[in-house]
Amino acid sequence: MTEHLDVVIVGAGISGVSAAWHLQDRCPTKSYAILEKRESMGGTWDLFRYPGIRSDSDMYTLGFRFRPWTGRQAIADGKPILEYVKSTAAMYGIDRHIRFHHKVISADWSTAENRWTVHIQSHGTLSALTCEFLFLCSGYYNYDEGYSPRFAGSEDFVGPIIHPQHWPEDLDYDAKNIVVIGSGATAVTLVPALADSGAKHVTMLQRSPTYIVSQPDRDGIAEKLNRWLPETMAYTAVRWKNVLRQAAVYSACQKWPRRMRKMFLSLIQRQLPEGYDVRKHFGPHYNPWDQRLCLVPNGDLFRAIRHGKVEVVTDTIERFTATGIRLNSGRELPADIIITATGLNLQLFGGATATIDGQQVDITTTMAYKGMMLSGIPNMAYTVGYTNASWTLKADLVSEFVCRLLNYMDDNGFDTVVVERPGSDVEERPFMEFTPGYVLRSLDELPKQGSRTPWRLNQNYLRDIRLIRRGKIDDEGLRFAKRPAPVGV
């Protein structure tokens, strides 16, 4: 007999742990399992193993709302973040619900039975289980393959070419010349870490620059409050301080982009040698927050540049050579190792497909509702975090809403909920109003968002608190239904 559960959660990273905790806390009678395709939990924090891996936002907002972050670092390294996620799962018994090596291949919705059949591959064997509600918490990255553009002459290079998503544990880079291609969060994390841990010299080669902000890796206010207040109270206070600060910076960038650009470049200039061409190497041709700001703790990247361990080169690649990279300017960069920190590939729902009564779902024709459900797909929610703030802020809100939704359905005898696509008064817009390369490459494969609430993705935690945490469940956009009574009853 096929196993049946009330809820199936896909993914055992931060989003999956949040979903499970909220289910246990707010829907304690619901049975559930977490399906994780990898051999261990932690998602991003277990997958990425490159030197220097760390958070790119503070842990008081990246941490769960329900469990305080107690580490000393506000900008934390990957290992303690992974331990935090794992220990949270163990503390609340969530780890007992995780089924590892369970890759979801497809999910089929039956209107007649009001349930999903989830098809799974585990150790080469196919199986299935059914559930009332499907909660997709696998993020939007392709965990199997990062983005690596084709570079002319790459076959000529005699050294290793490595993508950070697949970092070899035995890579020896001591006293080596390294070129890191890229300018995003991965590159600005890797470059100073490599320079400080044995590399002879590191070059960050970028086609165009990114806005970079330096921030202390410790929070002085948090340290004081932790001495004066109970743990949970101190954590909540610092969390709100940082939420409001993030919102204020983002709002200022939207209102006064030129002024904020000038301020960011001025702050960078103070940390670099006199005469350094900040505009060329750290002055993007777009406004702040059109793409995510990159964070460097304690100015580590700028310190490495000052000490001569790191050089930033802004140029384009002609081809790889046997001993490095030839640029279109004619310059050649010597390299023993080349690292392609060139981005990620987007992949919603872990690559799983969905059908409704045998008909394939084309998610590109759907519209997102509150950034967590898709039009026309019954009894399904997904978690995608913020692009301009910590991922977990949105993950916790989505988990809260799903629990409120399930309880509302139980209280009113409903078996299904589906998002109805709005009429022509709501204009279609791209799923993300965000322009990094990994998003632009995949926009045609993503759902749409709408021009107004609740179809518009706010990217605003304060607005989402009103909309998601405090808003009505039975509002515009959702249609609830009860299973028809059997004939003769």
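Keep in mind that glycine also has a Cβ here, set from the backbone N, Cα and C atoms.
Features reported for this protein in Swiss-Prot:
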type	residues	note
BINDING	Ser15, Glu36, Thr44, Trp45, Asp46, Leu47, Asp56, Val104	FAD binding site
BINDING	Arg54, Ser55, Asp56, Ser183, Gly184, Ala185, Thr186, Ala187, Val188, Thr189, Arg207, Ser208	NADP(+) binding site
SITE	Arg292	site 'Transition state stabilizer'
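This view paints the features noted in Swiss-Prot onto the structure.
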| residue | record | contacts (Cβ under 8 Å, 6+ apart) |
| --- | --- | --- |
| Ser15 | FAD binding site | Gly43, Cys137, Ser138, Gly139, Thr383, Gly385, Trp391, Ala395, Val398, Ser399 |
| Glu36 | FAD binding site | Gly11, Ala12, Gly16, Ile98, Arg99, Phe100, His101, His102 |
| Trp45 | FAD binding site | Gly13, Ile14, Ile53, Gly78, Ile81, Leu82, Val85 |
| Asp46 | FAD binding site | Gly13, Arg38, Ser40, Leu82 |
| Arg54 | NADP(+) binding site | Ile75, Ala76, Asp77, Gly78, Ile81, Thr189, Pro297 |
| Asp56 | FAD binding site | Ile75, Ala185, Thr189, Arg292, Cys294, Leu295 |
| Val104 | FAD binding site | Val10, Leu35, Lys37, Val118, His119, Ile120, Phe349, Gly350, Ala352 |
| Val188 | NADP(+) binding site | Met204, Thr210, Ile212, Cys294, Val296, Leu301 |
| Arg207 | NADP(+) binding site | Ser183, Thr314, Asp315, Thr316 |
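Set side by side, the binding-site residues Thr44, Thr186 differ in how many other CB atoms lie within 10 angstroms of their CB, and the most is found at Thr186. A simple way to gauge crowding: the CB of Gly184 (NADP(+) binding site) has 20 other CB atoms within 10 angstroms, across all the protein chains here. A 10 Å cutoff on Cβ-Cβ distances gives Leu47 (FAD binding site) a total of 19 other Cβ atoms nearby, all chains included. In this structure, the C-alpha atom of Leu47 (FAD binding site) lies 13 angstrom from that of Thr186 (NADP(+) binding site). The record assigns Ser15, Glu36, Thr44, Trp45, Asp46, Leu47, Asp56, Val104 to the FAD binding site, and the maximum Cα to Cα distance across that set is 29 Å. According to its DSSP assignment, Val104 (FAD binding site) is in a strand.
For the recorded site, Ser15 (FAD binding site), the DSSP three-state label reads helix. Reported as a whole number, the C-alpha separation between Thr44 (FAD binding site) and Thr186 (NADP(+) binding site) equals 12 Å. Arg292 (site 'Transition state stabilizer') is surrounded by 19 other CB atoms, counting those within 10 A of its CB over all protein chains shown. Farthest C-alpha pair in the NADP(+)-binding residues Arg54, Ser55, Asp56, Ser183, Gly184, Ala185, Thr186, Ala187, Val188, Thr189, Arg207, Ser208: 24 Å apart. Arg54 (NADP(+) binding site) falls within a strand when secondary structure is assigned with DSSP.
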